[in-house]
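Student: Sharing a structure here in C-alpha cells format.
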Amino acid sequence: MRTATLYRYSVPMEAGVILRHQRLKSRDGLLVKLQQGELSGWGEIAPLPEFSQETLDQAQVAAECWLQHWVSGVESDDSVLPSVAFGLSCAQAELKQTLPLSADYRKAPLCTGDPDELFAVLQALPGEKVAKVKVGLYEAVRDGMIVNVLLEALPDLTLRLDANRSWSRAKADGFAKYVNPALRSRIAFLEEPCKTRAESREFAQDTGIAIAWDESVREADFQVEAEPGVAAIVIKPTLVGSLARCQQLVQQAHQAGLVAVISSSIESSLGLTQLARLAAWLTPVTVPGLDTLDLMQAQVVRPWPDSPLPLITTEQLGVVWHR
C-alpha cells in the first residue's frame, strides 16, 4: 500500500540575505514523504524566488497532482517544474534505495563581508582551500581588489567567483584589471560574468580568467560542450530538475572535459544533505557548493553534521496534503 504526505515549512533567514533584487526574509518550501510498506523516501520541493520559473503555490499544485497518481499506483512522468521533479525524484530514489547514503559534506565556504574576516575564515580551512566569493554586488573594481588581496595573502587558496550576469563587458574588464595576471589561474572559474554568453566568452579569452555556466545551464538553447575559456558548469538541482537530468548534465560535462559542480539553491538541511549525497555519487572529486545552511535560523527534519542550528521536526510542520 502506498501513502504520501506533503509538509510545508517556513524557516526565518538571517538578516541581510539578498537575492537578485529582494531581501529573503524566510525560506519556504515543501517536503514530500513517500511510504510503501516498510520503506519510505523524502524529498524537498523549494522553488527559489527570482531564480525558479515556478512559484511555491504552483509547485504545490503540481506535486499534489503527481502524488494523487502515485498513491493510486499510476507512475507519472517527471514534472515539468524543476523543483517538483527534483524533490519527487529524490523521494523515489530514497524509497527504491538508489540514492547512495555516503555524502560529501565538504563545502566551499561562501564568503561575504569584510576582507579581514574572510582572511581569518579562509586561513582556518582544513585541506583543500576552495572558497566562493559573490561578486557584482558592489563596484567591480572593489571586487577585483578584494579577490587580488585574498589570492595574494593565501598562496594555497583557489577561488570560485559568481557574478550572476551582473556586469557589462566594461565592468568585467574593470574587475580583471585589478587581479594580477599571475594570480588569475587560481580563480577556478567566474560564473557568468557578463549579461550575455557571447560577452562572457570574450571576457574569458581576453583575460585568461576561466568562466563557468550557471544560469545558461537552465536555458532551452544551452548545450554542454568544450569551449575555450570555459572550465565548468554549475548544476543547481532545484532549478534544473530530476536526478536523472542532473546525472545527464554531469555526464555531458565530464565527457566535454568540464568540471561539474553540484550547488545549492538555499534548500533546507534536508535538501542540502541530499545534495551532499548526490555530489558524493556524481562528482566525488569536486567540492560541492553547499555552504548556505548558515543563512537560515533553523534546520528541518534532517540535520547537517555538526550544525548548531535548532532542528524543526516533522511534528512541528504543517501537513498540506495526505493520502
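Just so it is clear, glycine is given a Cβ too, placed from its N, Cα and C backbone atoms.
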Student: If Swiss-Prot gives ASP162, ASP214 as binding Mg(2+), which of GLU117, GLU128, GLU191 does it give for that site as well?
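Tutor: Answer per Swiss-Prot: GLU191.
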Student: For Mg(2+), what surrounds ASP162, GLU191, ASP214 with a Cβ no more than 8 Å from their Cβ centroid?
Tutor: ARG160, LEU161, ALA163, ASN164, PHE189, LEU190, GLU192, ALA212, GLU215, VAL234
Student: Among the active-site residues listed here (LYS134, LYS236), identify the one with the smallest other-Cβ count within 10 Å.
Tutor: LYS134
Student: Within 10 Å of the Cβ of ASP162 (Mg(2+) binding site), how many other Cβ atoms can you find? Include all protein chains, please.
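Tutor: Neighbour count, Cβ to Cβ under the 10 Å cut-off: 22.
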Student: Using a Cβ-Cβ cut-off under 8 angstroms and a sequence gap of six or more, which residues of the chain neighbour GLU191 (Mg(2+) binding site)?
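Tutor: Set apart from GLU191 (Mg(2+) binding site) by at least 6 residues yet with Cβ under 8 Å, we have ARG160, LEU161, ASP162, ALA163, ASN164, ILE211, ALA212, TRP213, ASP214, VAL234.
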